[in-house]
Amino acid sequence: MSLQRFISEAISPWMKSGPGPDSDIVLSTRIRLARNMEQYPFPVFAPPEMAEAVLNDTAAEFSSIRLQTGSSLERLNMDDLNSNEKRVLVEKHLISPYLAERSQSGAVMLSPDESVSIMLNEEDHIRMQTLFRGFQLSEGLDFSNKLDDWTEEKITYAFDEKRGYLTSCPTNVGTGMRASVMMHLPALVMTRQLNRILPAIHQLGLVVRGIYGEGSEAQGNLFQISNQMTLGKPEEDIVEDLKGVVTQIIRQERMARDALMRSSRTYMEDKVFRSFGILKNSRIMESKEATERLSDVRLGIDLDLIKGISGNILNELMILTQPGFLRQYAEKELRADERDVRRAALIRERMELEKQSDE
Ligand SMILES: Nc1ncnc2c1ncn2[C@@H]1O[C@H](COP(=O)(O)OP(=O)(O)OP(=O)(O)O)[C@@H](O)[C@H]1O
């Protein structure tokens, strides 16, 4: 396993193993735990030699983990990567932009299928991320708890009896957990119902973010919904509350899709097949248009209008057509207009491949 493997394919192996529960609407589930070591200052306050000690201590422990498949985690030091390699890892959601900027004493430990990513010396000493196909909050929490228990046997966490796990940012104190689902909600957007639902979600103590997390805009009708509160409730209750809200949203998105298909089937077919045709034929494609068209095609696949194309196309092409990946394939820096040409070519190529594999 090498760096090349992690940055050459847009779609992580964990995404490829078939659809997950409710994956017509929930693309993936993520659990993130923030943890710190008791004996060292938090990363923002740690002098370089202490940051290095944190990195060496934690990386040594995580290297000895054996996952269910018998595989181990691979360490990538930020120092050893060039800026585009880091950008690609950010585009794949495997590291944060913050870690990418922090070259000294920052690292990530990745499982071969990329479902486990542990950032070291990010905002906290340890940020453990686990990703799952579809809607799997309870399964995700179970697995993260196992990873956390295993780590806690080796590393003494900064923990306070009253406040729970101590973290750099006060918004993470307590459980240190963010549980989230990435949802594709085109019908709720089209019927303008999401504008009504979003404020209600906020009132329930949940956050809605775009595809690239905090501060990112919603693109391609993809919305990440996660817990805001980390204090005062056990992890299981936080996850149960989130599950309840997500289940409701799934129901409403399905009802909106059904209603649109009943009332405006021709309009829906036109929208889906028009985007499909444009993606298969364009010579210039801006990223905003690409994400919108890809969302239409994914909806077409989920409504069974488009057959023989994998539902993963949305996740894959959204990542593959980001600037870092495009640069990686071009093997040179690209201007924005050159990127648009390459993006269109890549999408056409990928669509052609899907067609061939269906024949
Ligand atoms: N359910 C999910 N499936 C796939 N990727 C996700 C999911 N949830 C979040 N992500 C990705 O994880 C990255 C981090 O997200 P975000 O900034 O929201 O979380 P965080 O780092 O845990 O946040 P914070 O530091 O604000 O607590 C982003 O790239 C985001 O798109």
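Using N, Cα and C of the backbone, Cβ positions are placed for all residues, glycine too.
If you look up TrEMBL, you'll see 28-32, His93, Arg127, 178-182, 209-214 marked as ATP binding site.
The domain 'Phosphagen kinase C-terminal' feature in TrEMBL is assigned to 25-256.
With respect to ligand 1, the binding-site residues Ser28, Ile31, Ser180, Arg209, Tyr212 contribute Ser28, Ser180, Arg209, Tyr212 as residues with a C-beta closer than 6 angstroms to one of its atoms, given in sequence order. Its own atom aside, the Cβ of Arg127 (ATP binding site) has 25 Cβ atoms within 10 angstroms in the protein chains shown.
Arg209 (ATP binding site) carries a strand DSSP state (E or B). Around Ser28 (ATP binding site), a 10 Å sphere centred on its CB holds 24 further CB atoms from the protein chains shown.
Over the domain 'Phosphagen kinase C-terminal' (25-256) the predicted model carries a mean pLDDT of 91.
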